[in-house]
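Trainee: Mind looking over this structure? Questions follow.
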Amino acid sequence: MFQIPVENLDNIRKVRKKVKGILVDIGLDSCKELLKDLKGFDPGEKYFHNTSWGDVSLWEPSGKKVRYRTKPYCCGLCKYSTKVLTSFKNHLHRYHEDEIDQELVIPCPNCVFASQPKVVGRHFRMFHAPVRKVQNYTVNILGETKSSRSDVISFTCLKCNFSNTLYYSMKKHVLVAHFHYLINSYFGLRTEEMGEQPKTNDTVSIEKIPPPDKYYCKKCNANASSQDALMYHILTSDIHRDLENKLRSVISEHIKRTGLLKQTHIAPKPAAHLAAPANGSAPSAPAQPPCFHLALPQNSPSPAAGQPVTVAQGAPGSLTHSPPAAGQSHMTLVSSPLPVGQNSLTLQPPAPQPVFLSHGVPLHQSVNPPVLPLSQPVGPVNKSVGTSVLPINQTVRPGVLPLTQPVGPINRPVGPGVLPVSPSVTPGVLQAVSPGVLSVSRAVPSGVLPAGQMTPAGQMTPAGVIPGQTATSGVLPTGQMVQSGVLPVGQTAPSRVLPPGQTAPLRVISAGQVVPSGLLSPNQTVSSSAVVPVNQGVNSGVLQLSQPVVSGVLPVGQPVRPGVLQLNQTVGTNILPVNQPVRPGASQNTTFLTSGSILRQLIPTGKQVNGIPTYTLAPVSVTLPVPPGGLATVAPPQMPIQLLPSGAAAPMAGSMPGMPSPPVLVNAAQSVFVQASSSAADTNQVLKQAKQWKTCPVCNELFPSNVYQVHMEVAHKHSESKSGEKLEPEKLAACAPFLKWMREKTVRCLSCKCLVSEEELIHHLLMHGLGCLFCPCTFHDIKGLSEHSRNRHLGKKKLPMDYSNRGFQLDVDANGNLLFPHLDFITILPKEKLGEREVYLAILAGIHSKSLVPVYVKVRPQAEGTPGSTGKRVSTCPFCFGPFVTTEAYELHLKERHHIMPTVHTVLKSPAFKCIHCCGVYTGNMTLAAIAVHLVRCRSAPKDSSSDLQAQPGFIHNSELLLVSGEVMHDSSFSVKRKLPDGHLGAEDQRHGEEQPPILNADAAPGPEKVTSVVPFKRQRNESRTEGPIVKDEALQILALDPKKYEGRSYEEKKQFLKDYFHKKPYPSKKEIELLSSLFWVWKIDVASFFGKRRYICMKAIKNHKPSVLLGFDMSELKNVKHRLNFEYEP
């Protein structure tokens, strides 16, 4: 802001004096007039003596000025202020109960403003009054009405995203849905008269209670006639404002500027229809675009077979449907609107289907599918789909599986947009084909899947594709009948193994090869086996294997198209006919093959038989037919496959159904070609996979990347998998508030202030104790925690509110059981502490921790015969990393070598160490340097107590030698003493050294020869001072005094030597400070600070006492003095 400069200051100053005099005269006159008035009024001596100066004065000049109170709630009667409204109300009730009406403050419900009730009411009317929506309707040419612009205020729940435009409805939703545990503290029902009447007259007694007194508020005893009235009182009364503050914390307010309001149609316009008739006669149901339609057909044909169910998007959680029909077997979910050019979708309801009942499932149990995903693709879509719709996966409840499903009349082509339903099986019942089977790349030729063909339900393959839907070339031919568990259609993996036009190598199974029945693909099962020859012709580029299957498996003997892998199977005795459906309750256990090829399952074993390499297949369980009462599964042993010459076949005889499966002869053509995929993307993927090769570290064999993992699991982990199948691991959840997850494979203990490695994690957890999530109990053993969880908290599968409200999560399945998606740590405990079973621990941090995801730990029992179990290290020295078998040897080592002994901190209740001489407990970071400094200054310690920490007497010429654990180690990266920059004097290194915590690792130093590689770099720098070298005699010549006679002396004598040295040479060099610190086992910073402190004392004494010096001394010595001298001449 510009200001005009002031001129004529002299004249203005002269005028000021006159103005001041005039004002003084005016004030004096006014005071005289007031004095005359006061003399005329005399209240008396009583009031004069009872009046103090503070009653008439405006402010006290001698008192301190009251500071501005920055907190929002300030008391006007005193100096109190606070940030919380409840604290302010408590203050008023305690100290100003009489004047509470003057200072009562209430908050604004819509903002942070708080004041007296009248002021808040005026504030609310001014700033938060609801805008009256005045709708000015204008009539256009068509006669339709348009509403004016209006701003809609909506409220949203932050926990479940529920939204509403009414604030009261929003508060009611939050209270009922998310704070339901608070309802019991407010809702009360008067039952005095009910207790006096007998049980048969309960309804009469309730009627006798007057309506206003039936319900009451437990907080303020307000009466209400109904639950809604009581709810309105709780949510709107000013008495329960604290409850509103809780509810408002999870409510978000949004102002939507909608412009012109959308038109509301009383009758919807005609839209695309979705019909689900029973037999083609049911009328189609009208639908609006923003709705989903669920067609629920019946098993029995009836006019009302299709019952439409409409789910509106506008009302979340609401479901309106017509009366459901009984005996529903499946559900069809269709997305609306349909593609362009299609007006309806017709689905024929299935006939009563035979179901396969697993063991323990009732015979008449109906299929009850859960909610289905909408338009979920089966596999990767390589090309544009056009107007066709991908199939939907139907989920079937475990234990019930329909075996046949008619596709409907498909002799004629169906228009685009047909939505077939391909039911898949829930994991645990049957294993469906992995994604990638249905690849939208080529159209299905005509004539595939004629009318009336039966396809097994649950087989998620192109066998259930209706013409018009795109699929791969591997589709079942005309008239082919496939039973589930025999062959998934579309298995075209051989084209991804070999490049185009290249013959299969010798690793492909040759003719006459013997394959045990258990060595099939991981998801393929064979009931029993017999031997049949190959009599099927193979087209160009087709790999064909002849797999004989007996007893309970339907044959597949149809010709296949290019790119399809087919197993030609013949039927032996006790085999169901082709057209015979499986009866409910039959004892066949059918599964699916994987979508990968047989060639992918060939795993080289690295061994040869007669010069021919052998291969293995992934092991799989074999199902044997048993009586209808149950199912039996036998795990076959893993056996290699021998490549025999072509034509060499071993005769086989049919085996009994109950006997184990004998080997199966698998014959193949002598020259087998594999046709590659025509698409460039598949070719690039094959070439990319072929470039990735890995070497097995066990057998030194080279494998492709897609075979290496399977080889490791099969060839080198078979014994471990066998042992793991015996007992199911136990899954537990616990709390460890003393741990902090730092990074991968590393955690930090907040109590001990140290890092804990993977090997010591479980011992550290048990040392501090694992806390129960549901109660304050703490356990120091796994067995105690397991028994406590089974006995006290059996059935509790949800986290407590303290954890769930803060965002802690545990992975659980549908039944509430713990899931372990990965393992962060794998540790070992002895069997006597753990038991026979493995234990999976999901460990959560404390309630106030920032890490919300648990750490998953697997604890395995240590076998008695495992190497290293007899010589297990019980304890490890945290200073020199020496292993000790017994606790006595460990404590003796600490006592003799480090002059400490383990103890427990009396306040922190954490492991600590104490001095054996003075019994003082070490606090902070424990290092050898801290022990050495304490021993030097400890009055109870003997003078030669630090001899164990000193190096052996001798002469070290090389400055690159480092002393670690009493042995001389050569390391060029470390120096004898820490080299410090100018001016730092070791403070920075000391700070860094103290920040580095010790690492507890039992396997850190198995021997003395590995000590230098294990000790951290910062610790070596810290301990280099305590493990100092022996200094040369030549280096001592630079010192002003000889320190040899003070070695091994007490701390006071060494301090006296430093004083003498200061009087001799008050300004030592850096080299002298380094030598003095290494000789007296003290820090260089301590030596430098000692000399600096003495110099400061001398300079202060010179300044205060002013010493004088007579002439006649050596003037050349003045050059060595660095402080100024004042020469005073005295005549």
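Each Cβ is built from the backbone N, Cα and C atoms, and glycine gets one as well.
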Trainee: Just to confirm what the record says: which one of K118, K688, K1122 has SUMO2 cross-link annotated in Swiss-Prot?
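Mentor: Among K118, K688, K1122, the residue Swiss-Prot annotates as SUMO2 cross-link is K118.
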Trainee: Where does the SUMO1 cross-link label fall among K783, K797, K833, K1032, going by Swiss-Prot?
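Mentor: Going through K783, K797, K833, K1032 one by one, Swiss-Prot annotates K1032 as SUMO1 cross-link.
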Trainee: According to Swiss-Prot, one residue among S721, S1024 carries the annotation phosphoserine; which one is it?
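Mentor: Out of S721, S1024, Swiss-Prot attaches the phosphoserine annotation to S1024.
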Trainee: Can you identify, from 155-178, 659-682, the stretch that Swiss-Prot calls zinc finger?
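Mentor: Range annotated as zinc finger by Swiss-Prot: 155-178.
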Trainee: Based on the annotations in Swiss-Prot, which residue of K65, K146, K872, K943 is described as SUMO2 cross-link?
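Mentor: According to Swiss-Prot, the SUMO2 cross-link annotation belongs to K146.
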Trainee: Could you check Swiss-Prot and say which of K979, K1054, K1070 is marked as SUMO2 cross-link?
Mentor: K979
Trainee: By DSSP, how many residues in the DNA-binding region (1043-1102) are helix, how many strand, and how many coil?
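Mentor: So the DNA-binding region (1043-1102) is made up of 47 helix, 0 strand, 13 coil.
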Trainee: Averaged over the whole of the DNA-binding region (1043-1102), what is the pLDDT?
Mentor: 84
Trainee: Which three-state DSSP class does K118 (SUMO2 cross-link) fall into?
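Mentor: Its secondary structure by DSSP: helix.
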Trainee: What is the total of other Cβ atoms whose distance to the Cβ of K118 (SUMO2 cross-link) is within 10 Å?
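Mentor: Its Cβ has 8 other Cβ atoms within 10 Å.
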